[in-house]
Each structure stands twice: as C-alpha cells, then as structure tokens.
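Chemist: When I checked TrEMBL for this same protein, it listed these features:
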DOMAIN    36-375  domain 'Bicarbonate transporter-like transmembrane'
TRANSMEM  62-79  transmembrane segment
TRANSMEM  99-116  transmembrane segment
TRANSMEM  137-161  transmembrane segment
TRANSMEM  187-209  transmembrane segment
TRANSMEM  243-260  transmembrane segment
TRANSMEM  317-336  transmembrane segment
TRANSMEM  342-360  transmembrane segment
C-alpha cells in the first residue's frame, strides 16, 4: 500500500507541475486577442501582453508536455526493450537497465538544443551558498528546540517506516537474495548519516520506494514464465554487490562540485517530472495491491493463478483490498492536503495504521488468509 502511495505521490507532483505551467504560461493569454492568422499581429499582441505583466507563452506549455511525456514514453520503451526480439539478449538487458538515464539525456538534449529558442523552466540553483556550511543551530530561541524536537520525531518515524517497508520489499523471498538482511544496522547507519546531513542542510538519506526495488531489479536476471496462459516475470538471480551503490554515490559527490550549475542546469524541469512519472509506472510492476485492485474490474475466469487466488476466497481478497483502499484514501487525504499543518501529521497517521492492521483487520479476515495476502512469500 505504501509503495502505491509513493507512486500516486509522484504522479500528483507531475500533474501539479502541468497545472502550474498552464496557469503561468497558457491561461494568461486572451484567446480572442492572441489567436490570429497573421504572425506579425500575434507577435505584437504577445509583446503587449508581456509588457502588461501577462505571460503568453503557449509554446512553453506545449514543449513542457512534450518533454515530460516524451521522457516517460522513451523510458518505458527502453525499459520494456528486453521483451522484444531485437538485438542480442545482453544488449537488450543493457538498454533496459539504462532506460532512465538514456531517456533523461535524450530529452534534455532535445529540449535544450532542438528547441533552444523556446523559454523553459529550469532548476533554480543558489551557487553562492557553500555546500558544506553548518547550520547555526545555537542561534535558535529555547522554544525553537522544542518545535524542532516535535517535527524531528515525526520525521524520524517516517524514516523508520519507509526504511523498514523498503527493507521488507527488497528482502522478500521472491527476490531470491542469498545474503541476510541487517535491518537494525541499516537503521543505525541511516540515523548517523542523517544527523550529519541535517547539520549541513543536505538531503536526507534512507531506503526509499521505488528506488531500492528498481535498483534490485537492475541487478537481477529475470525470466518470463507462462502459467495457465498468464505471463509473469520471475527473478532467477541477483548480483548482490555494494559496488553499484558506491559508484553511484561517488558520482553524486562528483556532480555536486563539477556539474553544478552546468550542465545540470541544462536539464529542464519537465524532464524531471517525466522521470517521476516513469518511476511511478515502473513501480506498479509486481505491486500486489495494484494487482488486486485490477481484480475488481477483471472477469473471474481471467484471474491470474497467483498464490493468494488459490488459497484465499474471492470475497476475502476483495474485503482486504477494500480495507487497504480505504487506508490509501486516508493517506492521500493527509499527504496531499493543501494545508501544511495537516501534512505534518502524516507520519502519525501511518503510525495508527499499525494497530489497525494487527487488531481490527484480523477480526474481519482470518490469520491464515492474511498470511497469504500480506505475508512474506
């Protein structure tokens, strides 16, 4: 459920960006005065609107949508390239593994050079502020420490939830990992890292969705199996190495010093939101709650032969899906609220879902069915 909420969050963020770009550059134009068959009249009208403080850049809006959905389409096309018969198997796997960076680079080049004369939204970077500058925490008033304590507790609980959920998904037996998990050590290291990052005002780090499962998928050998007419993917082997993560973070460190502001500032924000949509859609692959939601509109004879379909009555499957859907709606109501003080209690809402899962739902669904629906398998 939480991973589906993250996918919805990425989608909502991208849709909000499109809405804002329409309000900024499209709806400010008066169609009756700005639309004309004469190009010179159009240019003069646009100039008058800009002098009056009204932005009339419909080309910027159209390019924004082109780059965003182009990044999504190209990323998904390359991601699914392993299912095609073209090229060799190793090259198909290579294209699928690097689908995201390839689509970002191609669409960034398209937006920055092929449409160089069209205004685009870019990252706003403050290069005059040093990266490694510690925050002056001793200048806070006494009440400021108590406020930070309350906010820090909610944020740390959200990190705790996200880290453990991600760890449970990654260490699922279906992924066939041979090395054991170290959840307590991971939490300890995450806590130490985030203390250091908080002091210097740097982005926090923890296991997150959908990045961690996608990283595992990139290191795995996947085969397609056919069962009763349904095609599903099975992970055969995972290259359990820290080298990929180490190299990625070394490159992130390198980019902070040598790629800011250029060439990173050449990446339009529309490509970034296309990346969000890509991660949202790719994270739905293998998401059991999403698959169970599709069962609500699927003919019963066409149900896939998954383990819980064979073990759990159909009514119990739909009842459990309805319970999770209700919780997901509550999460979205608090997580996407326009009021910041409501968003601040989002981790507390996640906390109250724990007793609901362990006390209320078992009264509706037997434990043997819950183990098949929500257990480790």
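Placement of Cβ uses the backbone N, Cα and C atoms for every residue, glycine included.
A TrEMBL annotation is a machine prediction, not a hand-curated record.
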Chemist: Between the transmembrane segment (187-209) and the transmembrane segment (243-260), are there three or more C-beta pairs closer than 8 Å, counting only pairs 6 or more apart along the chain?
Modeler: no
Chemist: So are the transmembrane segment (137-161) and the transmembrane segment (342-360) touching or not, going by 3+ C-beta pairs under 8 A with a sequence gap of 6 or more?
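Modeler: Yes, since the transmembrane segment (137-161) and the transmembrane segment (342-360) share at least 3 Cβ pairs closer than 8 Å, they count as touching.
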Chemist: Under 8 Å between C-beta atoms and at least six residues away from its ends: which parts of the chain pack against the transmembrane segment (99-116)?
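Modeler: Same-chain contacts beyond the flanks: 63, 67, 70-71, 74-79, 81, 266-268, 270-271, 274-275, 278-279.
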